[in-house]
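Okay, structure first, notes after.
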Amino acid sequence: MGNNTSRRSQSQKFKNIPSISAGSFSTMPVQHRGRRRRSKSIVGRAAQNAVLRSKEKTWIVPLILLTLLVGWYFVNPNGYIKYGIFLSYPIPGTNPAQYGKGRLDIAFCLFYALFFTFCREFIMQEIIARIGRHFNIRAPAKLRRFEEQAYTCLYFTVMGSWGLYVMKQTPMWFFNTDAFWEEYPHFYHVGSFKAFYLIEAAYWIQQALVLILQLEKPRKDFKELVVHHIITLLLIGLSYYFHFTWIGLAVFITMDTSDIWLALSKCLNYVNTVIVYPIFVIFVFVWIYMRHYLNFKIMWAVWGTMRTINSFDLDWAAEQYKCWISRDVTLILLTALQLVNIYWLILILRIGYRAFTTNDTHDERSEDEDEEVSDEKSSAKKND
């Protein structure tokens, strides 16, 4: 009993680690069955049960929508649905296949935003939740947080690895920033590059919708999270338009790889294991190297070598956007993103200092979870 208490108090020191990802649809409050007025008809009860089921299993509605869209594609393979499922603008005669850019890419992003909504909810509720219960995470609020962070860790592990693979196929490996401009403008990309970029965009669109609809209880750093998501979406959209996708790939990798260790640290914290200490140290070093050192290197390339390597002028007809306007816009957004990351780094270092030097386990973000647990208990008592 004493060992469990000690281990719990040790790991709870890391509860305040900031979270970069938004919540999930499963964090929406589900109205208790007993509080609903029961319909007397069989059809009414069936409809009522279906609604309740869809709120408890929040992956059902996205799955139905995906099934309908894919089914419609098989009915009409040449319809607009194909632009959501497959990459658009293939360049004939290219090997490996190259793809251009255009407005139809928005359909691809929206379809996979819906796909991620299903995947996220299904994996969290049907797989990760069982893992959490195996590690004795019983409080519903903490279990939901564990599900979110475990899914985030899984997603960024896949995407971070994919991003590094894509970068390895280009001259900018490993963060050779001069390559940003040597072959600019980048009108076309191989399928793996374009798919990676648009799927990342789809993920952040889905995350933004969760925040906009406020499908989870806002945390203490909600405003910073909103600013982070706005900057991220602006960088994705403008980099795609300006043909700065090589810069975007580099930034994606720095963010994704650091988020792996961030989410892993939070997962281990919920599991209550001392392994969280070395993982947290690794996380801090990866965060500083990826989100600060490498991003400052990217920012320097935008400020400096962008002007000195190849032409530096605006030509709308040739879609040559490497000029002072795009430079300043990109630099402002990267600087804003860096300021948010510095703010989070300060929080992270403060948490680490308290965890390793004191017994102070107080943090503001944990109060959110405690309030959720308290609310759930109060609600349960009222329904009894």
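Glycine too: its Cβ is placed from the backbone N, Cα and C atoms.
Taken straight from Swiss-Prot:
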{"type": "COMPBIAS", "residues": "375-384", "note": "compositional bias 'Basic and acidic residues'"}
{"type": "DOMAIN", "residues": "141-357", "note": "domain 'TLC'"}
{"type": "CARBOHYD", "residues": "ASN359", "note": "N-linked glycosylation site"}
{"type": "MOD_RES", "residues": "THR361", "note": "phosphothreonine"}
{"type": "REGION", "residues": "19-42", "note": "region 'Disordered'"}
{"type": "REGION", "residues": "362-384", "note": "region 'Disordered'"}
{"type": "TOPO_DOM", "residues": "1-58", "note": "topological domain 'Cytoplasmic'"}
{"type": "TOPO_DOM", "residues": "80-103", "note": "topological domain 'Lumenal'"}
{"type": "TOPO_DOM", "residues": "125-154", "note": "topological domain 'Cytoplasmic'"}
{"type": "TOPO_DOM", "residues": "176-194", "note": "topological domain 'Lumenal'"}
{"type": "TOPO_DOM", "residues": "216-232", "note": "topological domain 'Cytoplasmic'"}
{"type": "TOPO_DOM", "residues": "254-269", "note": "topological domain 'Lumenal'"}
{"type": "TOPO_DOM", "residues": "291-328", "note": "topological domain 'Cytoplasmic'"}
{"type": "TOPO_DOM", "residues": "350-384", "note": "topological domain 'Lumenal'"}
Residue counts (helix, strand, coil, in that order) that DSSP gives for the topological domain 'Lumenal' (80-103): 5 helix, 4 strand, 15 coil
Residue numbers, six or more beyond the limits of the topological domain 'Lumenal' (80-103), whose CB comes under 8 Å of its CB atoms: 69-70, 72-73, 110-112, 187-191, 194-195, 198, 240
